[in-house]
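Enquirer: There's a structure below that I have some questions on.
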Amino acid sequence: MSPLECSECFGDQLLHRTYTWQLTLHSRPNFTRKRDTRSESLEIPINVVLPQRGTAEPFPRLHNLHSIPRCAQQAALPRLSRRMASQHSYPLNRFSSVPLDPMERPMSQADLELDYNPPRVQLSDEMFVFQDGRWVNENCRLQSPYFSPSASFHHKLHHKRLAKEFVLQEENKSLREENKALREENRMLRKENKILQVFWEEHKASLGREESRPPSPLPQKDSASLEVVKKDHVALQVPRGKEDSTLQLLREENRALQQLLEQKQAYWTQTEDAAAPAEESKPAPSPHEEPCSPGLLQDQGSGLSSHFEEPRGPPAPQEDSKTLRALREMVSNMSGPSGEEEAKAGPGLPDGCQPLQLLREMRQALQALLKENRLLQEENRTLQVLRAEHRGFQEENKALWENNKLKLQQKLVIDTVTEVTARMEMLIEELYAFMPGRSQDPKKPSRV
């Protein structure tokens, strides 16, 4: 007998080594015939599978490697029945008990009446079965003619599938509950962020009011702004469009004021140029008489508003008239009662004092507008800071959610690994239970 290594029946993964012994059976010559004194021989290959790692015990196995009888006499040899073959095919000195019929296929699992489940391993979502010396996918495997699982095997497999489905449903349910809790936490954080924004705005508004108190207070405007701020705080909303609209209004007011100043300067230069030759031609007026220049308005009893209504200069367009009216109303509102008193006392003042008074009022209005503009810019900066903090909170929530998800996945992987190791140990114990008794217990294979 010469052992030959064979690795063709194991595919790509060499899990075992196969040794082949050539058994030669010699038949006695027939002495009844005097002439026929030849002896006949029959060669039968037997494969013995030895695992590479873990166990050192051989597993004799017969493969369908038998050749067709070479002659009629060889085919007419008596066949050994299966019942005469011993069930124990171990150790190697008992190969005579193995069925040596070359035309007979190896005994299947159903013939031996063994309830044996093949080894199974689950990787991710796929199940692999160890069949015919290799790991095969359970869904794509080919049914071997020597593999015939019993009804109990299918029953166990069905129960395992039901248990896996139940476990998956429980995991999905727990993940949904965790997702719901994270959403609630995110909603609460958003509410807290809004409340903090409101408190910050109130604090900034109070500080701005204390710093930007002009010498001429504006009680009406402050009360209106306070009411607007309170309404916004109750609603817990800080619309950005409103801020943009206020900034745009302030810019338009600044532009209108600049245009008004330019028009007044041009108007005053024209009046001065026209009044210079008139004063040279006319005698010096008495101190009780008021000089009447041709560029001034006829109706002097209307006070300061007369300069904004009907100037004798070139006719201004419709937009300039609208801006002038808006500026007149704004200056009158911001000047308050002092402006009304000055307007009442306006006709009694000389012409040189009226433009100075107007310049003072416009300067006060510009200062108030600049202070409001600064406050709005500071509020805009604080809003940007709060938005950045809100983004940071959102990123932290996202990181926490990802961490929890990774922890769940790690737990699932650990559970699956422990389950696979437990199943492998059970399978190894079953394999050793099917093997015959030995003098020494073999060592268990080391875990990979």
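Backbone N, Cα and C define each Cβ position, glycine as well.
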Enquirer: From the ranges 60-85, 112-137, 216-241, 242-267, grab the one Swiss-Prot calls coiled coil.
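Expert: Of the candidate stretches, Swiss-Prot labels 242-267 as coiled coil.
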Enquirer: Six or more residues out from either end of the coiled coil (163-198), which same-chain residues have a Cβ under 8 Å from its Cβ atoms?
Expert: 233, 236, 238, 383, 386, 389-390, 393-394, 397, 400-401, 404, 408, 412
Enquirer: Across all protein chains in the structure, which of the modified residues SER124, SER212 has the highest Cβ count within 10 Å?
Expert: SER212
Enquirer: How many Å lie between the Cα of SER124 (phosphoserine) and the Cα of SER212 (phosphoserine)?
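Expert: Cα-Cα distance, SER124 (phosphoserine) to SER212 (phosphoserine): 68 Å.
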Enquirer: Where does SER212 (phosphoserine) sit in the DSSP three-state scheme?
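Expert: The three-state answer is coil.
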